[in-house]
Amino acid sequence: MDAITINSLFLIGAVLVGASILLSSLSSRLGIPILVIFLAIGMLAGTDGIGGIAFDNYPVAYLVSNLALAVILLDGGMRTRASSFRVALWPALSLATVGVLITAGLTGLAAAWLFDLDIIQGLLIGAIIGSTDAAAVFSLLGGKGLNERVSATLEIESGSNDPMAVFLTITLISMISAGESSLSWMFLVHLIQQFGLGIIIGLGGGSLLLLLINRIELPSGLYPLLAVSGGILVFSLTTAMNGSGILAVYLCGLMLGNRPIRNRAGILQTFDGLAWLSQIGMFLVLGLLLNPSELLPIAIPALILSLWMILFARPLSVFIGLLPFPSFNLRERIFISWVGLRGAVPVILAVFPMMAGIPHANLFFNVAFFVVLVSLLLQGTSLSFAARKTKLVVPPALAPVARIGLDIDKNNQWEQFIYQLSSDKWCIGAALRDLKMPQETRIAALFRGKDLLHPNGNTRLKEGDILCVIGQEHHLPALGKLFSQSPSIQLDERFFGDFILDADAKLDDISQIYGLNLEQGVDKQQTLGQFVLYLFGGEPVIGDQIEWDGLTWTIAEMESDRVSRVGVKIVTDKA
């Protein structure tokens with residue numbers, strides 16, 4: 001490869017990445033997932049597109065895609081709160097195992113019939129497209145304002161269901177290569193190995209990496225690089241030992257994100273850029289790999305297979321997988337059934353048969369790609385609509401305009417929160433001395449227009465003022481009520497109810513004020529929060545609703561795992 005060729009590759013790569021970034025704004029305008037934009041640019045640059053770039057190097061595509069997935073999952077793990085596991089761990093694991101098996105089996109049987117393949121070959125197609133994709137889920141769920149039970153279940157499922165899909169794919173390829181038609185007992189051993197090594201190395205490697213980051217003194221710009229290189233090491237080491245590298249790197253990120261860590265803000269900021277670059281690079285390469293003209297001959301059976309999986313196999317697997325978990329209501333089950341997003345992982349798995357050289361490998365690849373396109377276009381574009389129709393969107397937490405990490409003490413993560421005051425905030429016109437600021441928070445600066453003011457207790461706030469407040473993450477709810485702008489998501493203003501009650505209020509007092517008909521045997525001295533937990537059962541989340549005694553009770557706020565405020569809405573006139 002000479003210097004001119006290398007320079008040409010740099011030029012082409014820069015143009016494609018730059019075009020992807022500039023055209024990403026079309027995603028919100030056209031209402032299509034941003035990943036489809038990246039994929040389309042890759043396809044346009046490919047053999048059948050205007051670019052005419054001939055790219056069929058499957059090993060390189062496999063390398064780029066796995067590296068990108070490792071970075072995306074490391075970032076996703078860091079941003080996943082450990083508290084999410086309280087409500088979603090076991091349901092997500094059920095979907096990641098039982099759900100994938102059912103989806104792969106039903107889809108595989110349909111594929112064998114539609115494409116005139118034998119059962120093992122059909123099941124291989126089912127295994128390839130049987131798991132949801134973490135990159136697609138993390139990208140498309142972000143900012144949708146879903147309740148925690150649903151969003152956490154989908155995210156944890158997408159980060160943990162790849163071991164089953166990878167294992168099924170490799171096992172079925174081995175069976176086809178060896179001419180076998182039945183499974184041996186080693187099937188279970190290999191499955192345990194995939195999950196076991198992924199969990200052990202992921203948690204262990206994450207702990208060691210966390211210890212190293214907190215112990216070693218480095219320039220601040222090197223901590224994010226140490227974190228990402230450590231995550232890739234965990235991914236590659238686990239994969240080399242025949243474990244699930246995808247699960248391992250996700251758990252590694254989870255460890256880093258939920259423990260005190262040096263330069264957290266810098267690491268997260270760098271990871272955000274790396275995750276975007278990884279998504280762009282991965283879908284550009286996959287788009288280059290595809291020849292759209294090869295999809296036309298299989299379009300009708302592949303479309304039928306996609307609809308079969310989306311409308312039947314996935315919903316059935318979700319309803320069966322969530323049977324042991326009564327806390328999920330029907331609306332939540334329907335939405336989770338719909339958001340079985342496919343993305344890069346099925347295409348990466350479809351590369352395995354190509355590299356193994358088994359019969360019909362090109363068919364498997366094209367079918368997987370077609371299913372991914374249908375999933376992103378059909379499910380991805382309708383995700384917001386489905387969330388609204390199933391009433392799973394909750395008012396977003398009031399957030400500052402920007403957050404800047406202050407790397408002062410890894411055990412006390414101080415940040416600077418920036419708020420711009422809108423006209424609907426009650427604090428407009430109030431003197432600073434009258435603000436009930438949370439303990440241990442301080443207003444560090446006040447900007448009015450382009451001027452930096454020197455505020456004192458008599459300074460009165462005006463619309464458009466920009467406040468810089470020093471505090472910690474747990475101060476955000478209280479600060480949000482004081483300073484945040486109104487959320488942009490359109491919701492019923494009375495989502496939580498006609499009025500909101502303190503969950504520490506005694507049930508007896510509330511029943512007398514509102515005329516509640518308490519059942520015999522109910523402890524009237526318990527708090528409203530305790531009574532609501534009794535009504536809901538399981539692990540509640542913000543936005544959970546239940547009708548009781550002619551009223552709709554909605555969990556409005558939670559502190560850790562404790563209900564702190566409850567909304568009440570009148571449903572019917574009580575006699």
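Including glycine, each Cβ sits where the backbone N, Cα and C put it.
Record features (Swiss-Prot):
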- 403-485: domain 'RCK C-terminal' (DOMAIN)
- 3-23: transmembrane segment (TRANSMEM)
- 30-50: transmembrane segment (TRANSMEM)
- 58-78: transmembrane segment (TRANSMEM)
- 95-115: transmembrane segment (TRANSMEM)
- 122-142: transmembrane segment (TRANSMEM)
- 172-192: transmembrane segment (TRANSMEM)
- 194-214: transmembrane segment (TRANSMEM)
- 221-241: transmembrane segment (TRANSMEM)
- 270-290: transmembrane segment (TRANSMEM)
- 293-313: transmembrane segment (TRANSMEM)
- 334-354: transmembrane segment (TRANSMEM)
- 358-378: transmembrane segment (TRANSMEM)
Selection from 30-50, 58-78, 122-142, 270-290, the stretch that has most Cβ pairs under 8 A to the transmembrane segment (358-378): 122-142
Range from 58-78, 122-142, 194-214, 270-290 with most C-beta pairs under 8 A to the transmembrane segment (334-354): 122-142
Contact set, same chain, for the transmembrane segment (122-142): CB under 8 Å, 6 or more residues outside the stretch: 33-35, 68-69, 72-73, 75-76, 96, 100-101, 103-113, 115, 151, 154-155, 157-159, 161-162, 164-165, 168-169, 172-173, 176, 246, 250, 278-279, 282, 305, 309, 339-346, 349-350, 352-353, 364, 367-368, 371-372, 375-376, 380, 383
Contact between the transmembrane segment (30-50) and the transmembrane segment (270-290) (3 or more Cβ pairs under 8 Å, separation 6+): yes
Whole-number mean of pLDDT values that fall within the domain 'RCK C-terminal' (403-485): 83
Helix, strand and coil totals (DSSP H, G, I; E, B; other) for the domain 'RCK C-terminal' (403-485): 14 helix, 34 strand, 35 coil
Among 3-23, 194-214, 270-290, 293-313, stretch most in contact with the transmembrane segment (58-78) (C-beta, under 8 angstroms): 270-290
Seg_contact(the transmembrane segment (3-23), the transmembrane segment (270-290)) with at least 3 CB pairs under 8 angstroms, min sep 6: yes
Considering the transmembrane segment (95-115), which listed stretch of 194-214, 270-290, 293-313 counts the most C-beta pairs under 8 Å: 293-313
